[in-house]
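Taken verbatim from TrEMBL:
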- 796-809: compositional bias 'Polar residues' (COMPBIAS)
- 525-803: domain 'G-protein coupled receptors family 3 profile' (DOMAIN)
- 796-819: region 'Disordered' (REGION)
- 518-543: transmembrane segment (TRANSMEM)
- 555-574: transmembrane segment (TRANSMEM)
- 594-614: transmembrane segment (TRANSMEM)
- 635-658: transmembrane segment (TRANSMEM)
- 695-716: transmembrane segment (TRANSMEM)
- 736-755: transmembrane segment (TRANSMEM)
- 761-781: transmembrane segment (TRANSMEM)
Amino acid sequence: RLNSSCRPETELRPPSSGSACKGLLPVAGCAIIRPPRDGGIRYRGLTQDVQVLPVDYEIEYICRGNRVIVGPKVRKCLPDGTWTDLTQHSRCKKKLYIGALFPMSGGWPGGQACLPAARMALNLVNRRSDILPDYELELIHYDSMCDPGQATKLLYDLLYTEPIKVLLLPGCSSVSTLVAEAARMWNLIVLSYGSSSPALSNRQRFPTFFRTHPSATLHNPTRVQLFQKWKWTKIATIQQTTEVFTSTLDDLEERVKEAGIEISVRQSFLTDPAVAVKNLKRQDARIIVGLFYETEARKVFCEVYKEKLYGKKHVWFLIGWYADNWFKIHDPSINCTVEQMTEAVEGHVTTEIVMLNPETVRGASNLTSQEFLAQLMSELGGKNPEETGGFQEAPLAYDAIWAMALALNKTVGPLRAKGRRLEDFNYNNRDITAEIYRALNTSSFEGVSGHVVFDAQGSRMAWTLIEQLQGGSYKKIGYYDSTKGNLSWYGNDKWIGPGPPADQTVVIEEFRYLSQKLFVSVSVFAGLGILLGIVCLTFNIYNSNVRYIQNSQPYLNNITAVGCMMALAAVFPLGIDGLHVARRQFPVVCQFRLWLLGLGFSLAYGSMFTKIWWVHTVFTKKEDKKDKRKHLEPFKLYATVGVLLGVDVLSLMIWQIVDPLHITVEKFTREAPKGDLDVLIQPLLEHCSSEKMNTWLGVVYGYKGLLLLLGIFLAYETKSISTEKINDHRAVGMAIYNVAVLCMITAPVTMILTSQQDASFAFASLAIVFSVYITLVVLFVPKMRRLITRGEWQSDAQETMKTGSSTNNNDEEKSRQLERENKELQKIIQEVTPPSHWSTLAPSHWSTLAPSHWSTLAPSHWSTLAPLPLVHSSPLPLVHSSPLPLVHCSPLPLVHSSPLPLVHCSPLPLVHSSPLPLVHSSPLPLVHSSPLPLVHSSPLPLVHSSPLPLVHSSPLPLVHCSPPPIGPL
């Protein structure tokens, strides 16, 4: 018998070879081992008194209830007195069962590599004494073939077949969707290792779902980070019409919207991407995100090559889980060569979830990622990783087992505090499910795939690998950690062009400014015009006491000169634009333009209009009223100018208070510069405008247009009037014609040319300059010339008057005398017996082809001695009632075009013997009532075509002895 101190311990650990009890044991046997807690040892043929077992004797461990032996189940006595497998412990543990679906075949045979990885993790967990020491995890798995229909049947078998499963471990998005949606009815937690569908992030639909495979939407934060890095604010998308890509694109749209990035074009296709790619080309898409499977990717880039939607102006973003040589694989569904495909895909960027930790760190499993790969390759038996389904996702399956084990281990303590145990779990127990959910939701550990942590939707948050195709092969250009928002950039990205392309055609805004040569040239003319105005104003003020100047109303002329200078001063602000002043100061320039031009016009034109209006008012009144207005009151003239000026000031003030002028920018059609530059020029032009600019211009143009038309009418009506009080009204009328014509042409033309800054400025400014120059020259230069040439420098106080004033007085006196004579003649004409018609075979009219000369046989009472024609164009008749004949011996004709008749009532005959015809074109008759005959002996015919008859009532015959025929009589 052994001493009590040398009895074997109750734990399943045999005495070590260095023990003090070893020397007390017989050499030919091994000491017995006491049974473990919750278990026992089966001894074959052994009595209770035996303490030493013979060599080669075997014992077997057994456990009570549903517990199982963890470690060696059988030990054998060795010749040296020890038992086999001394380094491994044998314990009784309770089993926890995990239901798993691994797709070993089908669309994604990910189980081929994921199942061995899960077994590796499960074995390590079960051997760890610090993780679930009282429990043994066991995997019950089936082949789902990545088929939802098959998965439905297998899920039914898992749920309704003993033992109870604590968790479910599916793979493949379509299968996980089915399992996760049904699992909540059984209070089961679902942890997927191979599902990327964004739809699984819906917590309301899948409340107990977690996954170590990141969601496909995890690419989107990386894409947004790259868009911001390269300063892109406008992107386009093209997707295959499937639920996974649609959900991913919806998430991308929300993220880019938050980042201030616009999706300008969104295209989709089912099988043929040709139309979608053409639409991208038509919409000038530059930065394009493509979401489609590998086979469709080849179709897309074949169309991309045909549409030339690649190169230095375009960047494509693709999914990174394609094969490295996906674009070189022969595909009978496309008609592009490998070289064409290689050219089209060059430079595209991929984002791929990091499924293997790039750093050499030991995590929860005490393995680095490279050590894990070595063990996995050993488990696969040397199979080619590229031919093994799910090899890339194997680290995710490995970490899924570890996440599950660590979460279950975390629940043991809280459940024990509540008097619960994990083995008490059933499908109706929500408390244990809630504890497992809470533990899994707060998981955070280093795995072989990287840092494992879940977001609020249960999706894995992981690193993203960024690669770029350079020279036909993928190069790593950076990593993005979505958990920390940290971008690790290598700086080895390469572009076909000089750098990252623009997200759209670069539009360079370019303001159109006025030609400085034109501005300087017109400004010189305007400056000279202002000097001319100063000279005229000075001359007028200096000679204001001269009678001739006084008779022209010098104060009104002074106002005209000031208005002209203000109008010329408006030329300078008209030519000032953004090239000369800051944008905030431009409204001030607009105000100067408006006020200088408006007030200048009111002063200059208003003073001239006042003169012509006064002349018309005086000389178109009846005789009794005319005498009353002969005395000119200057204050009335100034008051009229003041009224016109006040109307302008009031209207401009209302305009600027109600709707002030401000700067507006007009955009023109974009222009492409010369050369192969990916830019467009956006021409801009600054304008002075207000909200209701057309309304205000309509009011101002309408008011001033009426003034101009009225001025033209008054100038025409007073063209033949001569008055001493305003001796320059004919010059004023000419200036009004000039201003009116230029204004009526300039106003509409400048409105049409408003988008052409040079033409608009040239037309407006030159119209101002010309009208001002003509006005100043017409009004002031004749006065200067008269005073200089005739020396009329005397003032009104002097008695001696020069010829000009005398001439004016004589002219007025003659005019009044002629008016009196005309009235007397009208009375005589009315007393004459109405003439009778000459009887002829046919009614005929007399007229001649050219003007004629008149001559008489005897000396004349009236005679012209100068070689100038005697022209009668007065509205009053030319009356000859002298007893002597009217003799015309000038070499130029005597022309009668008066609207009143030429009356001959002399006792002597009126003889026409000129070689030129006698022309009678008056609308009133030629009356012959003389007792002597009217003799026509000219070699040219006397033809009468007047609308009134030629009446002969003389007792003597009408003699016609001209050789040409008289025509029909």
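From the backbone N, Cα and C atoms, a Cβ is placed for every residue, glycine too.
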Contact check, the transmembrane segment (761-781) vs the transmembrane segment (635-658), 3+ Cβ pairs under 8 Å, seq sep 6+: no
Stretch-level contact, the transmembrane segment (695-716) and the transmembrane segment (555-574), CB cutoff 8 A, at least 3 pairs: no
Top partner of the transmembrane segment (518-543) among 555-574, 594-614, 635-658 - counted as Cβ pairs under 8 Å: 555-574
Intrachain neighbours beyond the transmembrane segment (555-574), with Cβ under 8 angstroms and 6 or more residues off its ends: 522-523, 526-527, 529-530, 533-534, 536-537, 540-541, 589-590, 592-593, 596-597, 599-608, 610-611, 634, 637-638, 641, 728, 761, 764-765, 768-769, 771-772, 775-776, 779-780
Averaged pLDDT score, the domain 'G-protein coupled receptors family 3 profile' (525-803): 80
For the transmembrane segment (635-658), distant same-chain residues with Cβ under 8 A (at least six beyond the ends): 553, 555-556, 559, 591, 594-595, 598-599, 601-603, 606-607, 609-611, 613-614, 690, 696, 699-700, 703, 707
